[in-house]
Structures are given as structure tokens and as C-alpha cells.
Amino acid sequence: MLSDDQLNEIIVEAENVPSRVVPEKTPVNSSFSMVSSISDIDVTDSQSFGNPDDKKSKQLLRFSTSLNESFLQTLHRSPGSVGIDTSHENIQGQKLIASLIPMTSRDRIKAIRNQPRTMEEKRNLKKMVDKEKSKQSHRILELNCCAQCLNSISRAYRRSKNSLSELLSYISLWQKTFKVIGGKFGTSVLSYFNFLRWLLKFNIFSFIVTFSFIIIPQFTVPEKNTLQFTGLEFFTGAGYFQDTVMYYGFYTNSTVQHGSSGAPYNMQLAYIFTTGACLIVCFFSLLFSMARNFRNNFINPHIYSRGITKLIFCWDFTITHERAVKLKQKNLSTEIRENLSEIRQENVKLTLNQQLIHVSAHLAAWVVSTGVAIACCVAVYYLAENNSEFLKNHQNPGAVLLLPFLVSCINLATPRLYSLFRLVERYETPRREVYILLIRNIFLKISIIGILCYYWLNIVAQAGEECWETLIGQEIYRLLLMDFVFSLADSLLGEFLRRLIGMQFPTSLGLQEFDIARNVLELIYAQTLVWIGTFFCPLLPFIQMITLFIMFYVKNISLMMNFQPPSKAWRASQMMTFFIFLLFFPSFTGVLCTLAITIWRLKPSADCGPFRGLPFFIHSIYSWIDTLSKRSGYLWVVWIYQNLIGSVHFFFILTLIVEGKDKMFLIEKLAKLQDMEKRANTSSFSMERRDVEQTSPLHVREHNAAHDLRFRRSVQEENPKV
């Protein structure tokens with residue numbers, strides 16, 4: 001070991017060098033570790049120093065050489081440094097130093113973060129780099145005023161971005177409740193509540209947009225409601241509500257303008273553009289969410305290792321509260337059980353006879369479920385076709401609730417029948433069972449909505465009613481309300497009674513498990529009705545926002561009281577992707593088709609609504625474009641409409657571009673996986689050769705350091721967020 005005087009001399013010499021890498025009062029052994037780990041930063045000499053004639057490059061070269069000499073002096077003075085190749089260390093030291101100096105703040109932080117060191121060493125290294133940067137910025141960097149301003153803006157942007165992300169995570173809805181649910185019931189049940197919160201954000205956005213651009217402008221136009229409020233309107237949606245901003249027929253078709261100096265506000269354009277903007281935002285949000293979840297859950301390499309590294313080696317040391325620590329431990333144990341259960345299920349192999357029995361049971365279940373779905377659709381079609389005649393013969397205000405009541409009964413009973421098929425089919429994995437139930441239920445519910453849309457657009461719209469758009473809005477409101485009432489009754493009464501029965505007969509029934517497929521399809525069914533009905537009832541997003549908020553607390557209470565954790569633990573990291581895909585297709589695509597037929601093919605009512613007197617809804621856009629084409633200052637808007645919005649070829653090319661990017665993304669990920677596999681095979685082969693060779697004490701130390709470095713690298717590759 002070195003004496004105190006020698007060590008102080010080395011420290012003073014290192015401090016006098018304009019370094020950004022050497023920490024203050026670094027021990028001798030740590031300097032050797034620093035030099036030995038520089039191979040992690042792969043920067044070529046040409047990238048580091050650039051043109052030899054450049055003044056900055058010469059300064060960097062002199063700086064790296066001087067600091068490298070201090071490293072070598074330290075190594076030569078240490079007894080354990082005998083036999084080290086100084087020329088090799090010189091080159092490696094230059095690479096390390098030259099790669100850190102010209103980096104931006106973000107790149108420098110990444111480089112330090114990727115160093116195979118402890119967190120304390122990285123923090124000290126970063127502090128020292130920042131300190132030396134502030135001391136020598138006037139000599140080396142020589143930044144002008146503009147560059148300093150840009151750096152200040154960049155730092156302010158990063159700080160504000162981090163603060164905003166921390167604020168959003170802090171005010172995120174039900175964050176603590178989600179941790180409790182995930183710890184007790186696992187990620188499979190938690191995926192339902194994540195999906196519910198995701199839909200709630202959708203409806204909050206839709207309500208803010210419609211309220212700002214449609215409802216508030218209509219409030220400025222005085223309209224007197226002569227109908228009397230009785231309270232029955234909350235159930236039927238008719239009566240007093242008919243002449244309010246709740247329905248399409250109440251909105252004016254005139255241009256809203258206050259005073260001679262006020263800007264005109266075209267209600268026709270506002271109505272159709274607001275609806276279109278909500279649908280466009282929902283479309284791209286669905287695509288983005290699907291792509292992000294697909295990337296995180298299907299493509300990222302650390303998923304294939306099932307995140308064992310995260311479960312074993314990572315712990316949030318900021319958690320100090322005893323209850324939070326126990327909750328975190330429970331979440332980790334549940335996640336480990338899910339991973340182990342999936343590994344065990346993948347290794348299960350069936351005999352030929354068992355496979356034949358399973359295939360026969362699946363075919364029989366599919367035949368029965370398809371027949372039941374067809375029978376339900378025929379019943380709904382018969383009820384819808386005779387609904388108008390039934391309402392004419394029965395003047396009771398409650399008669400309008402018959403069709404929504406029967407549809408809700410079908411939606412409640414049929415999925416429960418589908419859930420009983422699991423007793424016969426006996427799927428190997430719970431995930432496959434959920435997928436099959438989701439497909440069967442989505443086929444049933446979307447078919448029912450399709451029949452109702454056919455009834456509204458071909459019977460109600462063509463019947464010559466005074467304001468058929470308002471009638472359709474009332475029908476959708478009643479369907480949504482009745483579905484909410486049935487869901488509440490099922491959660492508060494049905495699931496409670498099922499728990500009591502299960503407790504009385506534990507051997508045959510036992511406690512029930514949360515039915516993910518049925519509950520998710522209830523959300524998709526309700527959201528589909530909201531998207532269709534927003535054009536006819538602009539307040540539907542607000543109503544759905546309230547129902548989702550209530551349903552979260554009702555489902556949470558029922559889950560904690562009436563359900564047991566899944567008997568088979570399984571990971572549901574990919575479930576959210578499948579939920580969003582079902583919401584996009586066939587739900588959202590069916591909504592687009594329905595509204596397209598309404599806007600392009602149907603004639604608006606002559607006496608109500610903002611489009612009264614027009615041959616088709618789309619003619620409001622045509623008239624606006626014709627007006628703009630006569631003004632030279634707005635020809636660019638006409639060009640955008642004709643060549644982009646109104647062009648089929650543009651959307652075809654856009655689709656090809658999106659698909660091409662997805663393919664390139666998958667190819668890049670596949671290439672990365674192949675490279676990782678090659679590196680793993682190469683490292684294992686080199687380790688085997690090194691074990692055979694006779695090693696000296698110095699080689700033993702180098703081998704242990706390299707092994708530790710490879711281990712840390714593998715941990716970082718499997719979990720980049722560590």
C-alpha cells in the first residue's frame with residue numbers, strides 16, 4: 001500500500017489535470033477498476049478526436065494524455081499493478097476520457113449510468129464531472145451566448161418534464177387501490193381496472209371537447225323549454241330532457257354571433273368537426289396504445305426472461321412505511337407466483353387421447369355458443385322490428401324501456417352461460433380461457449349492437465318521425481342506463497348472493513373468481529354505445545364518465561368482499577393489448593361505419609337540429625369548402641381538403657406507411673435479439689476456454705472482474721430501467 005504522502009501527491013496531481021472523470025481522493029484500486037471498465041464505452045478514435053488540426057481536438061488529446069499519465073503513475077506505484085500492458089491501458093484510457101468530454105449532458109449521464117459501478121460511485125462521478133465542467137467551461141468549451149441560452153432552455157425543459165411526470169404519477173387516479181388489487185389478486189384482475197381507468201380518461205377528454213365547442217355556444221342562444229319536469233326523464237330520457245342540450249334536436253342551425261363586432265360561430269361546422277375531432281383523437285390514441293403495449297409486452301427482450309431480474313435484484317429503497325413495504329412484498333410474491341405458474345403450464349404435455357377429448361369439447365362448446373348467439377340476435381331483431389308498433393299501441397311512458405330491458409337481460413345471462421363452458425372445456429392456461437370467452441362475448445355483443453344500428457338507421461330514420469336523431473339518442477341513453485343498472489344489481493346483489501351460496505357449499509362451489517372476460521366486455525359494449533350516441537346525444541360522454549367512476553368503486557368493494565384470488569396464478573401483461581385491440585376492432589371500426597352511413601347517406605330532419613334543411617349532413621362541409629374556394633386567402637384549406645381529407649389515395653398511402661413502420665420495427669427488434677443471442681454464445685464459449693487454461697493470480701483477478709462485468713451487463717440488458 002502507498003503511504004499517505006504518496007497518496008496525497010497522486011490526488012493533487014490528478015486534481016491539477018483538467019479531468020472530468022477522476023473522482024476526488026480516489027483510492028488506487030478504484031482507479032484500476034475505472035481503467036478496466038472502459039471497454040463498455042465503444043467510441044472510435046476518429047469519433048473521439050475528429051480532425052487533428054482542430055483546436056478543440058488537440059486540447060482533448062492533450063487532456064486525455066495527461067490524465068492517462070496520472071493513471072499510469074498510480075498503477076506503477078501500486079504493488080498489485082505489475083505486468084499490466086501500459087500501451088493497451090493508454091489507448092483504453094484515451095477512449096474513456098475522450099468519449100466523456102465532448103458529450104452533451106444527456107449523453108454523459110447515459111454513459112455514467114451504463115458504467116458497471118455502484119450507485120454511490122456513479123453519483124460521485126457525476127458530481128465531479130459537473131464540478132470540473134463548471135470550472136473549465138470558459139477555457140475548453142468557449143460557448144457563445146446563444147449556445148448557453150439553448151443549454152439553459154434544454155435544462156429547464158428536462159426539469160419541467162421530470163416535474164410534470166412526477167406530478168402526474170402523484171395525482172394518478174386510484175394508484176394506491178391498484179397496488180392493493182395487484183398484490184392480492186394479481187395482474188390478471190388488475191388488468192380490468194386498468195382498462196376501466198383508461199376508458200375513463202377517454203370519456204373525460206370527449207366531454208371536455210364537446211362541452212367546450214358544442215354545448216357552451218348553444219347556451220349563448222336563448223331557447224325556452226315549455227315541457228314539465230316529472231322525474232321520469234331520468235329513466236326514459238324523454239320528456240323535459242328532449243328540449244335541452246342533451247339531444248341533437250335542441251341545437252340551432254344558425255350562426256352564433258354576439259354584437260356586430262363579434263366573430264361568427266357556425267354551429268353546423270362546430271357540431272360535425274367536434275364529433276370528427278373526438279373520433280380522430282380516439283383513433284390515433286387506440287393505435288398508439290396498441291403499439292406501445294405490443295412493444296412493451298411482446299417485443300422487448302426482457303419479457304422473454306419473464307422479468308426475473310426485476311423481481312429478485314430490484315427493490316425500491318425509498319419505501320420506508322411498514323404498510324407500503326408489506327404491500328410491495330405481496331406484489332413481488334404474486335408476480336413470482338405468476339411467472340412460475342406460467343413456466344409450469346408451458347411444460348405440460350397431453351397424450352393423444354387427451355388432445356382428442358379436448359378438441360371435441362372445444363368444438364361442441366363453439367357450436368353451442370354460436371347457436372346461442374344467433375338465437376339472441378334473432379330475438380333482438382324481432383323485438384326491434386316490432387318496437388315501433390308496440391309503442392304506438394301502448395301510451396304508457398314506461399313502455400319505451402321494454403327493448404332496453406330485454407337487451408340487458410340477454411347481455412347479462414348469455415355471458416354467464418358461456419362461463420359455464422369452462423367446466424367442460426378445461427383449458428390448460430387461464431389466459432387462453434379468457435381469450436376464448438372474450439371472443440365469444442364480443443361476437444354476441446357487437447352483433448346485437450349491429451342489429452340495433454340497422455333498426456335505427458333503416459327503420460327509425462326512414463319512418464318520417466319529426467326528429468328521428470333525438471329518438472335515436474333517447475334509445476341509446478336508455479340502453480346505456482339499463483346496462484348500468486343491471487351491472488350495479490349484479491355486483492351488489494348477484495355476486496353477494498353467489499358468495500353466500502358458495503360459503504354454504506364449499507366442496508361443490510366454493511368462493512367465486514372474478515370473471516375478467518365478462519366484465520371487460522361490459523365496458524366495451526357500453527363504450528361502443530357512447531361512441532355511436534355522441535352524435536345524437538352530446539352529453540353521453542359525461543354520463544359514461546359518471547357511470548365508470550361509480551362502477552370502479554362498486555367493483556372494487558365487490559371484489560374485496562365476494563371474490564377469492566385466482567386459483568391458477570398467471571401473468572396478464574399482454575391482456576391490456578388484447579383489450580384495446582377488441583375495442584379498436586370490431587368496436588371502434590363499427591362505430592366509424594355507422595357514423596359514415598349517417599353523415600353521407602341519411603337525410604337530416606327538416607325541423608330540428610343544426611343540419612335541418614340540408615339533403616345530407618355532409619353538405620355542410622361541401623358548402624363551407626365552396627365558400628372558401630372563392631376567397632384567395634383560404635385556398636390552402638381547400639387544397640388540404642381535396643388532396644388529403646377528401647382523398648382515398650391519401651389514406652391508402654398513410655396505411656401503407658404505418659404498416660411499413662411496424663414491419664421495420666419488428667425487423668429491428670428481431671435483429672437485436674439475434675445479436676444478443678450471438679453475444680451470449682460467444683461469451684459462454686470464451687468462458688469455457690478460459691476455465692481450461694492455467695491462470696496466474698493476476699489473471700484470476702481479471703477473470704473475476706470480467707465475469708462480474710458480464711453479469712452486470714446481462715442484468716442491464718434484461719431490464720434497461722435498472
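Yeah, the Cβs are placed from backbone N, Cα and C, and that goes for glycine too.
As recorded in TrEMBL, the features of this protein are as follows:
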type     : residues : note
DOMAIN   : 467-573  : domain 'TMC'
TRANSMEM : 198-219  : transmembrane segment
TRANSMEM : 269-288  : transmembrane segment
TRANSMEM : 363-384  : transmembrane segment
TRANSMEM : 396-413  : transmembrane segment
TRANSMEM : 434-457  : transmembrane segment
TRANSMEM : 529-554  : transmembrane segment
TRANSMEM : 575-600  : transmembrane segment
TRANSMEM : 634-658  : transmembrane segment
> Is the number of Cβ-Cβ pairs under 8 Å between the transmembrane segment (529-554) and the transmembrane segment (363-384) three or more, considering only pairs separated by 6 or more positions?
Replying inline: no
> Can you name the far-off residues of the same chain, 6+ from the ends of the transmembrane segment (198-219), with a Cβ under 8 Å from a Cβ of it?
Replying inline: 173, 245, 250-252, 256, 265, 267, 270-271, 273-275, 277-278, 281-282, 285, 289, 523, 527, 530, 534, 538-539, 541-542, 544-545, 548-549, 552, 576, 580
>> Treating G and I as helix alongside H, and B as strand alongside E, what does DSSP give for the domain 'TMC' (467-573) in helix, strand and coil?
In response: 78 helix, 4 strand, 25 coil
> Cβ under 8 Å to the transmembrane segment (363-384), counting only same-chain residues 6 or more beyond its ends: which ones?
Replying inline: 402-403, 406-407, 410, 414, 417-418, 421, 424-425, 440, 443-444, 447-448, 451-452, 455, 459
> Taking residues 6+ outside the transmembrane segment (396-413), which of them lie with a CB under 8 Å of any CB in it?
Replying inline: 232, 235-236, 238-239, 376, 379-380, 383-384, 387, 390, 444-445, 448, 452, 474-475, 478-479, 481-483, 485-486, 490, 522, 525
> Who are the long-range neighbours of the transmembrane segment (575-600) in its own chain, taking Cβ under 8 Å and residues 6 or more past its ends?
Replying inline: 187-188, 191, 194-195, 198, 272, 275, 279, 282-283, 286-287, 289-290, 293-294, 297-298, 431, 434-435, 438, 442, 446, 449-450, 453, 457, 516, 520, 524, 527-528, 531-532, 535, 616-618
>> Averaging the per-residue pLDDT over the domain 'TMC' (467-573), what integer do you get?
In response: 87
